[in-house]
Structure formats: C-alpha cells, structure tokens
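*Asks:* Supplied in structure tokens, the structure appears directly below.
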Amino acid sequence: MTRGNQRDLARAKNLKKQQEQAKRKGTAEKGANAGASLDTRMNRDADVMRKKQELAAQKKAEEEAAKQGSTTKVAKIDPLAL
C-alpha cells in the first residue's frame, strides 16, 4: 500500500470525467433513444402521452360517476320531535 489514496483519487476523477461526457451526449444517443430517428421518438412519445390522457380521462369519469352515485340526501331526524 505504498500508493496511498492515488487509486481512489484517480477513480473519482475518472467518474467525474465520464459523467461530464454523458452530459454532453445528444438526446439521440441516450438510453432508449439510441439509434432512433427524431420522427420515431416523437411518435413514441406522442403515443405514450395519448395513453396517459386516456387513463386520466377514464379515472376522472369514474370519479364523477362515483360522486354522482354517492350524493344521496340524508334525511335529518329530530329525536325530540318523535
């Protein structure tokens, strides 16, 4: 162990360098976008957003239906009037 902490410092420096390089990558080179054209990515994202909107609309409709079904009036009874 004559090197001390040089190895750890070199690892940290390399990690920082790799993170900086990852930040500089364009959108087309990252993750699921690798190799996909702009049109393909736009269509895929639009499909995902349509599905999200459909689910949100369904959820809202269910909540409205539940709200309308549960709005029965409760009759107030005065126990002293009996």
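Backbone N, Cα and C define each Cβ position, glycine as well.
Quick paste from TrEMBL:
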COMPBIAS  1-28  compositional bias 'Basic and acidic residues'
COMPBIAS  41-66  compositional bias 'Basic and acidic residues'
DOMAIN    1-26  domain 'Small EDRK-rich factor-like N-terminal'
REGION    1-82  region 'Disordered'
*Asks:* Run through the region 'Disordered' (1-82) and tell me, per DSSP, how many residues are helix, strand and coil.
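*Replies:* Helix, strand, coil within the region 'Disordered' (1-82): 57 helix, 0 strand, 25 coil.
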*Asks:* Would you report the average pLDDT that the model assigns to the domain 'Small EDRK-rich factor-like N-terminal' (1-26)?
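*Replies:* Average per-residue pLDDT within the domain 'Small EDRK-rich factor-like N-terminal' (1-26): 86.
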